[in-house]
Amino acid sequence: MATSTPSRAREHASAAQSPGSPTRISRMQEKEDLRHLNDRLAAYIERVRSLEADKSLLKIQLEEREEVSSREVTNLRQLYETELADARKLLDQTANERARLQVELGKVREEYRQLQARNSKKENDLSLAQNQLRDLESKLNTKEAELATALSGKRGLEEQLQEQRAQIAGLESSLRDTTKQLHDEMLWRVDLENKMQTIREQLDFQKNIHTQEVKEIKKRHDTRIVEIDSGRRVEFESKLAEALQELRRDHEQQILEYKEHLEKNFSAKLENAQLAAAKNSDYASATREEIMATKLRVDTLSSQLNHYQKQNSALEAKVRDLQDMLDRAHDMHRRQMTEKDREVTEIRQTLQGQLEEYEQLLDVKLALDMEINAYRKMLEGEEQRLKLSPSPSQRSTVSRASTSQTSRLLRGKKRKLDETGRSVTKRSYKVVQQASSTGPVSVEDIDPEGNYVRLLNNTEEDFSLHGWVVKRMHMSLPEIAFKLPCRFILKSSQRVTIWAAGAGAVHSPPTDLVWKSQKTWGTGDNIKITLLDSTGEECAERTLYRVIGEEGETDEDFVEEEELERQFRSQSHQSVDPSCSIM
């Protein structure tokens, strides 16, 4: 490929002679680069040939497809024109149906105002009944407290009565023992008196015996004296008189000692008996006085007990009367609540029926708008490809672009000219949210841009959301779930906003939480947010729908629809149970 001069040949020879010279190395490098470039050129040529073959094949297929599409377009154009005429007829029918529904909505609104007035009257009656019930309950609690106090006093008096009865029984037992002891002492005294009388009789008897003995001795002595000598009679008589005198003195001394001893014993025993009798008499007197005092106290306690029993009976009768009044009030309240629930159920059914009709109308309208837009785009594409002039009705068609605003109702009717000079109108759509809840916390709002989801505590108490989960579901998006932090407490009537990471919000608990692992909550139609408690049971949900407006609507129409929707929401919020609000 390259020619070399004689000098270069010499250089080659010298390079061959010196294998490690720089010239030889550069030549070898150039040779290698040239070989690589040749390989790349061959591959490129092969690739170009392959692409040219594919191009010729694709040209053949394109020609065949153009022939087929031209035939199909001719058939489809006729079919689309027929279906478009049918769609226009259906749109006219839908407009007529909408006018009829607006008239019915006015009637329903009037009926709702009447039901609301009647409901407010029932609520006032219910509040009055509840106030009366609270007053009766407070009076009942007061009477129950007084009854409990009286019963406690009665129990105390009964305990005191039992104690007094026990004391009376003890005193009566002591009195019986004392009486028995006094009786025994009296018997002992009588026995001692009998013994003393017996001793006295024995003493008299011995005196008589002694006197008789003395007389007999004297008689015998006199007899002996007669026999004795008269000379010694005087001496003997004197000695006998002395002996008798001494014997009499000894006998009298013995009698006196025995009498003194007997009197001392009797006096001591009698004194002991008298002391015991006096002591027993004092004890019996004290016992009698104590028994009298106890009887008096028992009578007093019995009278107090009868008085408290009468008061207790009166209070029980009063409690029964209050209980009857309370039962009647409860029955009346139950009947009023049943009537109110029935009316609320009827109102809710009426509103639910109207809402379902409205949703069906919106679904039909949305389907028609989507189908008309699809037909219009296909016809415009075919007209541009076939270079056909658009019809006058097609010049005035509108294409409404869906844009999201925070007002949930988007509208735009400013006309502008596109590049072809045709009049174009931005299409607006409404964002409708439907919610329900069965627990204390509800899903208050869903951002159409997917930036946040807001929860609301509907109660007057703090509520713990430990273990609760907020889940998003969509037909074309994967299911995602956000678990609320541990020990998270939502204050009464407070809101918490859960921001996506892409919204750029600041994490500020407990009012603002940031989901750092999720860029957005998602956008589109039919986005559903559900709130699950710690057991996995669904407590609240909210669904976001996008409803496209009609072509002929003006700003005033959208304003009127927005006003009707706001009134409908406020009326639904007032009439429906707070646990199941419909928006």
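Positions of Cβ are set from backbone N, Cα and C atoms, glycine also.
The compositional bias 'Polar residues' annotation in Swiss-Prot covers 15-26 (among others).
Sequence annotations record features per position, and here Swiss-Prot assigns compositional bias 'Polar residues' to 390-408 (among others).
The annotation domain 'IF rod' is assigned in Swiss-Prot to 30-386.
Annotated domain 'LTD' per Swiss-Prot: 429-546, in sequence order. Here the domain 'LTD' (429-546) is broken down by DSSP into helix, strand and coil counts: 3 helix, 60 strand, 55 coil.
Residues or ranges marked as S-farnesyl cysteine in Swiss-Prot (evidence: similarity to another entry): Cys580.
For Ser21 (among others), the entry in Swiss-Prot reads phosphoserine.
Feature annotation from Swiss-Prot assigns phosphoserine to Ser391 (among others); the stated evidence is similarity to another entry.
The cysteine methyl ester annotation in Swiss-Prot covers Cys580 and rests on similarity to another entry.
Sequence annotations record features per position, and here Swiss-Prot assigns region 'Disordered' to 1-30 (among others).
On the 0 to 100 pLDDT scale, the region 'Head' (2-32) averages 56 in the predicted structure. The feature region 'Head' is assigned by Swiss-Prot to 2-32.
Among the features that Swiss-Prot reports, region 'Coil 1A' is placed at 33-67. For the region 'Coil 1A' (33-67), the number of residues in each DSSP class (helix H, G, I; strand E, B; coil) is 35 helix, 0 strand, 0 coil.
For 68-79, the entry in Swiss-Prot reads region 'Linker 1'.
Per Swiss-Prot, region 'Coil 1B' is recorded for 80-215.
Look at Swiss-Prot and you will find 216-242 tagged as region 'Linker 2'.
Residues annotated as region 'Coil 2' in Swiss-Prot: 243-384.
Summarising the annotation, Swiss-Prot assigns region 'Disordered' to 383-431 (among others).
Broken down with DSSP, the region 'Linker 1' (68-79) shows 12 helix, 0 strand, 0 coil. For the region 'Coil 2' (243-384), the DSSP counts in helix, strand and coil order read 142 helix, 0 strand, 0 coil.
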